[in-house]
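Structure, as structure tokens:
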Amino acid sequence: RGYLDDITAIGPRTVGSPENEVHTVNYLIEQIKAIEVESTDAHKIFIDVQRPTGSFSIDFLGGFTSYYANVTNIVVKLEPRNGAKHAVLSNCHFDSVPNTPGASDDAVSCSVMLEILNTLSKSSEPLQHAVIFLFNGAEENILQASHGFITQHEWAKSIRAFINLEAAGVGGKELVFQTGPENPWLVQAYVSAAEHPFASVVAQEIFQSGIIPADTDFRIYRDFGNVPGIDLAFIENGYIYHTKYDTSDRILTDSIQRAGDNILAVLKYLATSDKLAKSFEYRHGNVVFFDILGLFVLAYPARVGTIMNYIIAAIAFLYLSKKILQPKTRVINNLKKFSTAFGLTLLSWISTLVTVLIVAVFISLIGRSLSWYSHFYVSVSLYGTAATAKIILVHTLAKKFYYKNMNEQYLGDVFFDASLLVWAIALTMLTQIGLCSAFICTLWVAFPLLTKLMIHKEFRQKGTTMKFVMMYMLGMFVPYLYVMYLSWTVFEMFTPIMGRSGSEIPPDVVLAGLIVAVTVILSSYFINFVYLIRSTKTTLITLTTVFFVTLMLVCSGIFFPYSSDSANPKPKRVFLQHISRRFHDLDGNLVKSDSGIWINGFDYNGISHITPHVPEINDAIRTQCDEWAPFCGFPWILPVHFMFRLVKNWYLPAPDILPMSPIQFKVLSKELVPLNSMRLSFEVSGPSHMSLYIRPREGSTLSSWSLGDGRPVASVGGDYFVFYSHGLQAAPWRFWIELTASEKHADETVSLAIAAHYFFGEDKKSPQLHALMERLPNWVFSSGWSCTYDLFVF
């Protein structure tokens, strides 16, 4: 824990700042050298400080290109005394986002790695392979330092597998949420070695689908190093992730110990495994893996899962076919009744989804979005009760008006079979498209089918006896317990994300959809009880009452979304940029300039809750898009424009800013090149963070440039975005772009804008920006900095 306290005491560690490039680097080297002195003769320790320069393109956040210069990596190699040909990599990052101490993201991981290095180096037992510890200093700049290491460092060629230590929350259990690609032996290594396993292929498939706006160094090692690995992250309390509240005292010692135990065990296992040296021989095939309540992990090859899934689905289909086809004289009648039950089951689920989403849209439209953000029970009382009541209501009405005189036991039987068919179809479809998460459907087919076969006689007896209910619940125990456990993990991850997912997507719609999905899953084999019990009136009245009371309370605004509770804060995130903008024409003349504080709320509510505290922020100063300028003429630090509505942010007039270290932008040359193209060369000097925005004019095409792999990658909307950062003592940034234009559009070929972002030092905050941030309520976490924006036409 001492390492963690020392690193966070340095303060925010933004790339390029003395805190990141000097103080943290010196501290880590000092600790590593102290560990080296106390290491045993069984090992050798090598230390290297790498400061790479490079560029790459990535399809994260809609696609952009990254350029970095002199970012910092501290690389430590622990190897047997006689050397080693192969190595396993352990990666953390010591930089943080601006304005945060970054305890969980990712100082705690670097602290754990120092402890592991210390433990392994003192062991008298030699390792079979080397362990490389990478303390990378530019992950928050969208994975730059890891790219510099894996593509340029001489030790990178020896790496056969890696473990990446990350955070999406503050403390708790670290979740294995990505593995591979392929290489099932890595999952087996985790299963065999981890003392406190917590892993899910469901989390992997959710994360890799791109619906979570985040990424890790895992992508870099996978895509640019062609190395397989394991990605772990702390996921608890994501409400304070990337905020000032991410402090070392909020991370429990038990969490640090647990992570250390797991990672040390897995690293030792890999560093002594024969499979590491021959990893290419074991690379084929995916793996299904999931933990059981954190006690142990089940893992098996995906191809085995595919066979098992199809067999279980086939047994279910055979069972259902037999039910329909016997006796032969009633096949048509059986089929008709079964099809009706199947249709009613789907109808109840679809109508439930539509009803609950209508409620969620209504809540969003009246400005009460995120009422559950600080009170999760509100979402259950609002959307959970509505979903459950609607499902019960549809089947109650069907029982009363459509199945008037039909045998209750028969109805209970047929609706159980209808749910079984739905799950068997889902199992077949998910297996067919190759999702490993299909194992959930396997549970919901195998256990209910087994239960039904065991108590089929009780199904036909009149009345729902206690024995029947107990046996039924016992048979359903495993799938219900697992889905509730998994659902809690999903909600623990997704609920905080809704507070930082932008202003475009209504979070109530997302959360309501998740709650409906969980309700449908959990209710699927209890629909039949609606037909077995005498009345659902009391249940419906209770659920409806809870729903309407909660709805009225939400509409009244009694549930405030955010919290400043010091023990458990759930702040609203706001970005403020004091910007000066200058727009130039083709001749270099200044045609427009302004300055102001650009205010972005990071959730769907925008800054509606802040306006009463700062009255001058009103509808008259809503941000206006300059359609002719790339990215609407505003200095986005990342290309996240598609996640935010400009009508949900404000541009408050403020005095011009005059940085002590202003940006220097030069055109070095313009030259014609073959194929009717023009090459423009530039030189830029400025702060550690800059953004380049390019928009080819009508009739022009950006055909190539000196960045990435030479092929320009457009962002969402068609403009081009380049993220630039540098460490200490970087040379001026030189680059060129090449454009192809038709003769009739040859006058104005391209609009190019450059933004300079001042995240630290004397230029960071103007007096006006500081004064505005001081006026914000205490339930707001504000991140503010100054920047300039210059647009040119060529």
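For all residues, glycine too, the Cβ spot is worked out from N, Cα and C.
TrEMBL has this to say about the protein:
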- 73-266: domain 'Peptidase M28' (DOMAIN)
- 335-555: domain 'Endoplasmic reticulum metallopeptidase 1/1-A TM' (DOMAIN)
- 569-792: domain 'Endoplasmic reticulum metallopeptidase 1-like C-terminal' (DOMAIN)
- 292-320: transmembrane segment (TRANSMEM)
- 341-366: transmembrane segment (TRANSMEM)
- 372-398: transmembrane segment (TRANSMEM)
- 410-426: transmembrane segment (TRANSMEM)
- 432-450: transmembrane segment (TRANSMEM)
- 471-491: transmembrane segment (TRANSMEM)
- 511-533: transmembrane segment (TRANSMEM)
- 540-562: transmembrane segment (TRANSMEM)
Subject >> Average pLDDT across the domain 'Peptidase M28' (73-266), rounded to a whole number >> reply: 94
Subject >> Per Cβ pairs under 8 Å, the stretch of 292-320, 341-366, 432-450, 540-562 packing most closely against the transmembrane segment (372-398) >> reply: 540-562
Subject >> Cβ contacts under 8 Å made by the transmembrane segment (292-320) with residues that lie 6+ beyond its boundaries >> reply: 173, 184, 187-188, 190-191, 194, 196-199, 285-286, 338, 417, 420-421, 423-424, 427-428, 431, 434, 436, 438-439, 441-442, 445-446, 449, 453, 481-482, 485
**OP:** May I ask for the residues of the chain that lie six or more residues beyond the transmembrane segment (511-533) and have a Cβ under 8 Å from a Cβ within it?
**Re:** 345, 348-349, 352-353, 356-357, 359-360, 372, 379-380, 383-384, 387-388, 391-392, 395-396, 399, 403, 408-409, 411-413, 415-416, 418-419, 422-423, 444, 448, 464, 476, 480, 483-484, 487, 490-491, 494-495, 498
